[in-house]
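So that you can see what the record holds, here are the features copied from TrEMBL:
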- 119: active site, proton acceptor (ACT_SITE)
- 123: ATP binding site (BINDING)
- 124, 137: Mg(2+) binding site (BINDING)
- 1-258: domain 'Protein kinase' (DOMAIN)
């Protein structure tokens, strides 16, 4: 009865993402889906993908969500890094930080509304013209990202490589657990999405690593510093991965920090 990703289609001459619930799902699932679509429809921020339509008159119920010209961030970054040319120039460090600043801006907006995203990752960031980023939430239902999710004993799909330990082990979600995921997302961007977080660990070892965070035994592993990543940016990542939620920065602070690092940067549009 969970929503499914039905791909990208056109709506009023614009590309949109279609998410729907299965025909014949339970009434409680339908109500939850409509409740979610209702509050998603109220979001208005230049760095958050908008809901542009809801189909609830007949089944299957579906949400139409804004899409962006260049698709999701991993696809975009990998294209730029593997086959740069005049149409797809290789991205500079400044451009990566420029995009990361926009992710932080979208998350600052959600933080201001006391809304937790729960699945922040590069795959849930969409890229538009002029490297404009919009935070979305479609990837969980997209088949190409199936391996980014761990199926729990209760059949829940969990992005364990991006999750704060308290979310995975205690079920606690907040803006501060999103901050943890932002640190991982920033790491993804600095490796141009060429590696999976903790790619050397199995899913079971990732869970065990979270247990080390929970126990505070000093054995928890951090993601390593990406090549060519300045110390101050890696320090920001590690601040996002503080064991205690209260010690992690707020998105408003992260956004301000990245804005200052990116002061005066204007992307070169090919």
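Using N, Cα and C of the backbone, Cβ positions are placed for all residues, glycine too.
Counting only residues at least six positions away in the same chain, the Cβ atoms of 72, 117, 135, 136, 137, 138, 139 sit under 8 Å from the Cβ of residue 124 (Mg(2+) binding site). Of all the recorded positions listed here (119, 137), it is 137 whose C-beta has the fewest other C-beta atoms within 10 angstroms.
DSSP assigns residue 124 (Mg(2+) binding site) to a helix. There are 24 other Cβ atoms within 10 Å of the Cβ belonging to the residue listed as 'ATP binding site'.
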